[in-house]
Amino acid sequence: MTDWTEKYRPSTLSEVRGNDKARDALAKWAKTWDDHREAVVVYGSPGIGKTSAAHALAADMGWETVELNASDQRTGDVIERFAGRAAKNATLSGSSTGTSTRQLVILDEADNIHGNYDRGGSSAVTKLVKSSSQPIVLIANDFYDMSRGLRNACREIEFRDVSSRSIVPVLRDICRKEGLEFESDALKQIADMNSGDLRSAVNDLQAIAEGRDRITKEDVVMGDRDRSVGLFEFLDAVLKEKSAQESLYTAYDVDETPDDLTKWIEDKVSLVYEPDELARAYEFLANADKWLGRVRATQNYSYWRYATDNLAAGVAASRDRTRGGWTRYGGAPYRSTRNKTRDTVVRKIAENGGFSMATARREVLPYLSALTHHCKPRELTVAMTAYYEFDESHVSFVTGSGETTNKVQSIVEDADELREELVEEHAGGAFAGMENVEMADGDVSDGASDDVLDRDTDADDATPTEDESETDDGQAGLSDFF
Ligand SMILES: Nc1ncnc2c1ncn2[C@@H]1O[C@H](COP(=O)(O)OP(=O)(O)OP(=O)(O)O)[C@@H](O)[C@H]1O
């Protein structure tokens, strides 16, 4: 089946929804390019039409496009060779007929050209941007992840998340073109669920429409991701707005098991909390996890109550303040592939760090996630990746950088390089020192036990004392491989 996001990609700027100002600014930039000759950075969240806008612009202007991925071809040489040649040669593909006088160079992932490995790439792009005889659009998620030199060399245009009001007409058009009947509320529901991300709204529409010729609000609500409607209220209550007690009551009202609620909170808390709050929240999540383990082991479901206390009231109490505004929570956590990934990640942490599986999962993984949230700091993320021999899926799982796979890929490549360097330097003993690192909790690997009952079963642990929450738990090794 054709991917609807491709099938309905805007072909002209006027079809790019939302972001009218940004769209106009982009058109103006292109029309006046001969006067200023500056490159432009288009930045904003994934799935809101940045790349589509660049291509649509080229189509409107009658320009050809050359698309490069900055982090796929990162070295200065490669960028010089490909982008440089393309940008300086308007007749590369025989377009000297006059219909296409320009080539628009679209440089994706412009915020992923940094770190040691990419340094050459970044200055090459900056040089190219300054000297190009062709218009260049750089695409980035985060403007401030670009080097200062590159930022200063470009104009900037921000694309904002697409409002639900702008998403609905796109979905409606697609339904009409597909001959699909719909209830307006169903489309509104899909738009609301996807919090500004048009690509995922279109994906949801396609998933829900499969096998149907009419979609109702009920179809949407029954769909997998629809449970998240009530869940978003719950997430807002716990992570942003409500007191511990009110959060607990909200948790009782959500039609989900404490197992799933724990996964949601675990997955989304780092989007909202500051590091101090996060550390406290993870303690409560670890406790919730213990109680869930006890339920599994004993089938005594009355323990669920304690899990809920921890995951709702405990996590809410870990907050320093309430927050307003709107958070883009994204989709459901831990789809089946992610569970497998989590198991592998935990095993690697356990094996390399000398922990039991239970300690790795409950106590080390959350800290690694907090330390390397969204791959920052990058050097630490690279070091972690090298030490635990993580691949892309593992890094994305730990850091939460799932959507920016190129960022993750570049980290894995740098980690491979780091490992090779260290292997060369130490002739195979690169991380030998790590094996001797004594772990603070003395929890030496027991090989495989993932049973939560292998740790203390003291009910008091639902509310850790301040001392306990500050106890170092096996992070002793991090600084050694950094
Ligand atoms: N503003 C929009 N108007 C119309 N369709 C859109 C818009 N934004 C996204 N889409 C739909 O989502 C798809 C993906 O959009 P696009 O690749 O342009 O997003 P992006 O912002 O460049 O995302 P990324 O940063 O992940 O590359 C498009 O093919 C289109 O189907």
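Glycine is no exception: its Cβ is also placed from the backbone N, Cα and C atoms.
Note: TrEMBL annotation is automatic and uncurated.
According to DSSP, Gly47 (ATP binding site) is assigned to coil rather than to any helix or strand. Here TrEMBL flags Gly44, Ser45, Pro46, Gly47, Ile48, Gly49, Lys50, Thr51 as ATP binding site.
Residues or ranges marked as compositional bias 'Acidic residues' in TrEMBL: 438-473.
The domain 'AAA+ ATPase' annotation in TrEMBL covers 36-163.
For 431-482, the entry in TrEMBL reads region 'Disordered'.
Sparsest Cβ environment among the binding-site residues Gly44, Pro46, Gly47, Gly49 (other Cβ atoms counted within 10 Å): Pro46. For the domain 'AAA+ ATPase' (36-163), the mean pLDDT of the prediction comes to 76.
Within 8 A of the CB centroid of the ATP site residues Gly44, Ser45, Pro46, Gly47, Ile48, Gly49, Lys50, Thr51, the other residues of that chain are Asn141, Phe159, Asp197, Leu198, Arg199. Each of the binding-site residues Ser45, Ile48, Lys50 was scored by other CB atoms within 10 A of its CB, and the lowest score goes to Ser45. Neighbour list (Thr51 (ATP binding site), Cβ cut-off 8 Å, at least 6 residues apart, same chain): Ile106, Asp108, Ile139.
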